[in-house]
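Enquirer: Feature list, courtesy of TrEMBL:
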- B:7-27: transmembrane segment (TRANSMEM)
- B:61-78: transmembrane segment (TRANSMEM)
- B:90-110: transmembrane segment (TRANSMEM)
- B:116-137: transmembrane segment (TRANSMEM)
- B:144-167: transmembrane segment (TRANSMEM)
- B:240-268: transmembrane segment (TRANSMEM)
- B:280-302: transmembrane segment (TRANSMEM)
- B:308-327: transmembrane segment (TRANSMEM)
Amino acid sequence: MTGLVARGLTLSLDGRTVLHEACVAVAPGEVVGVIGPNGAGKSTLLRVLSGIQPADAGEVMLEGRALAGMTPGDRARRLSFLPQEGEPPPPMRIEDLVALGRLPHRAARDGARDRAAVECALAETGLLDLRDRPASQLSGGERARLRLARALAVEAPYLLADEPVAALDPAHALAVMASFARLARAGMGVAVVLHDLTLAGRFCHRLVLMRDGRVVAQGRPAEILTDGAMRAVYGVTVRRVGDAVVPWSLTDGRADDERTGS
Amino acid sequence: MIDRRDYPLIAALAGGVLVMLVLSLAWGDSAVSLPSALRDLMAGRHSVGAIIVGQLRLPRAILGVSIGAALGLCGAVMQGYLRNPLADPGLLGVSGGAALGAVLVFYTGLAGVSALLLPAGGLMGALLAVLLLLGLVGQGGTLVLLLAGAALSSFAAALTAMAMNLMPSPYAAYEVMRWVMGSLTDRTLTDVSISLPGTVAGCLLMLTTARALDALALGDEVAESMGFRLRGLSGVQTRVVVGAAVAIGSCVAVSGAIGFVGLVVPHLLRPLTGHQPSRLLLPSALGGALLLLVADAAVRLLSGATEIQIGVLTALIGAPVFFRRVIAMRRSQA
């Protein structure tokens with residue numbers, strides 16, 4: 001079986017069930033958006049898919065092999081994980097930081113291939129001109145691109161990105177999502193946690209909708225971003241601009257005011 | 001781990017260590033011809049020169065290099081692992097444990113029985129401290145490690161102070177105080193043979209974490225996703241703690257506590273190695289060796305009737321570096 005396939009993932013942390021029989025699949029060449037309210041288990045799902053958080057039950061298969069049976073290095077070369085932004089990066093040169101993405105390949109000691117991967121990652125994220133700058137001088141948007149570049153330098157066939165556009169202005173967010181689309185066209189499987197339903201509807205081939213640790217629906221964006229589902233899961237009503245979905249007001253009416261006129 | 005860009009820095013530091021090493025062997029109160037003393041030493045002839053160089057200066061020089069290198073490396077590894085430029089080898093409570101072990105040997109009067117018992121007490125203290133530390137930390141993360149280290153350090157310091165407080169004679173208390181301040185004077189080849197194996201083993205263990213330290217610069221989750229195990233028996237944290245404890249315990253057991261080397265050396269060299277944790281390791285080891293050899297030379301140069309302890313001197317060199325750093329930070333925040 002191709003792709004990254006998870007079945008029946010269940011996980012409790014501190015006595016709370018954070019994942020309940022979650023099933024999800026990411027095929028090569030597609031961008032899968034993971035959406036849902038805060039605390040729905042999206043980040044936990046990604047951590048389990050990446051292999052850094054073992055599940056209590058269920059299994060993750062990567063191209064037909066159980067993820068749990070792989071060596072950490074083997075897994076790291078196939079799955080690249082981009083967690084939510086944590087500590088600021090150290091003041092290393094940007095190119096040196098991106099090159100750390102090659103750490104899982106260090107045993108191969110292929111300098112030319114490493115350099116090419118770093119070059120590609122810098123080009124894809126538009127950081128070629130900034131390569132000699134210390135990372136500490138970057139703006140928030142540039143830092144997000146740097147983190148993505150590090151994840152791309154791994155050259156893994158699958159990328160798991162947790163809210164990569166959360167802190168970005170619209171232009172940077174569009175650029176990152178366009179990168180994912182391009183990478184998917186080149187054959188990469190991408191799973192991305194998103195809060196922006198407009199971006200999710202526009203750039204994702206499929207969406208996985210989560211609530212309370214469960215996958216409540218998955219399918220093409222048009223099938224998932226329905227008025228009913230948005231009301232039931234997020235408690236919001238939506239308006240549509242072309243294919244895009246814009247959250248408009250809370251179902252209990254709290255977000256309404258005279259200016260929005262709803 | 002060794003980056004081509006760092007060759008000039010590494011060569012300069014290694015050259016400095018070599019020069020100070022030769023100086024340390026050649027220079028002292030008695031005028032001895034180093035080449036002839038070394039020839040006698042190699043040939044096994046017991047000339048005055050061979051005895052002075054082989055039994056007095058050589059152990060001191062070897063310990064200067066090995067202890068300085070261990071302190072510098074350990075500081076770089078700890079600062080990289082904890083991602084905190086203020087981390088230093090003393091943070092784990094292992095130096096405190098070693099000091100307490102040695103002080104108890106003084107306190108019980110065993111120090112007079114055999115010269116071997118003092119470093120043995122230090123080693124036992126360090127070993128006990130690291131076992132306690134590992135037990136306290138368990139599967140906990142860096143914050144738990146820091147808290148456990150702080151708790152152990154203060155506890156060991158309190159017990160050490162109590163032992164000094166209750167010391168039967170003021171002379172013994174004075175001896176302990178001098179020992180705690182750190183010194184390389186009058187160490188023998190026996191001290192070297194006690195200290196060196198643990199120092200080398202601990203340093204080698206710490207060096208195995210070089211790539212993981214780079215990955216950790218990107219955060220715990222990224223490091224784990226890149227295939228590095230952080231916790232558990234063979235995890236990075238255990239290797240850092242055990243490596244540092246074995247190395248530093250072996251050092252403190254023969255030299256006493258020498259502060260500031262592990263803190264200052266990585267701090268000074270970090271900007272020169274591109275702020276990359278793995279690139280900082282070897283230069284920090286060489287820098288630590290160089291600083292300690294220089295400090296030891298200064299001890300010999302400056303000491304009159306009362307010897308200045310090397311730990312005092314490294315702190316005197318180290319503190320101004322921090323004053324400068326505080327001023328630079330204040331300017332950058334203004």
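Even glycines carry a Cβ here, placed using N, Cα and C.
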Enquirer: Quick check: do the transmembrane segment (B:61-78) and the transmembrane segment (B:240-268) share at least 3 Cβ pairs under 8 Å, counting only pairs 6+ apart in sequence?
Expert: yes
Enquirer: Which one of these stretches, B:7-27, B:90-110, B:116-137, B:280-302, B:308-327, has the most C-beta pairs shorter than 8 Å to the transmembrane segment (B:240-268)?
Expert: B:116-137
Enquirer: Taking residues 6+ outside the transmembrane segment (B:7-27), which of them lie with a CB under 8 Å of any CB in it?
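Expert: Those are 34, 53, 57-58, 60-61, 64-65, 269, 272-273, 282-283, 286-287, 289-290, 293-294, 296-297, 300, in sequence order.
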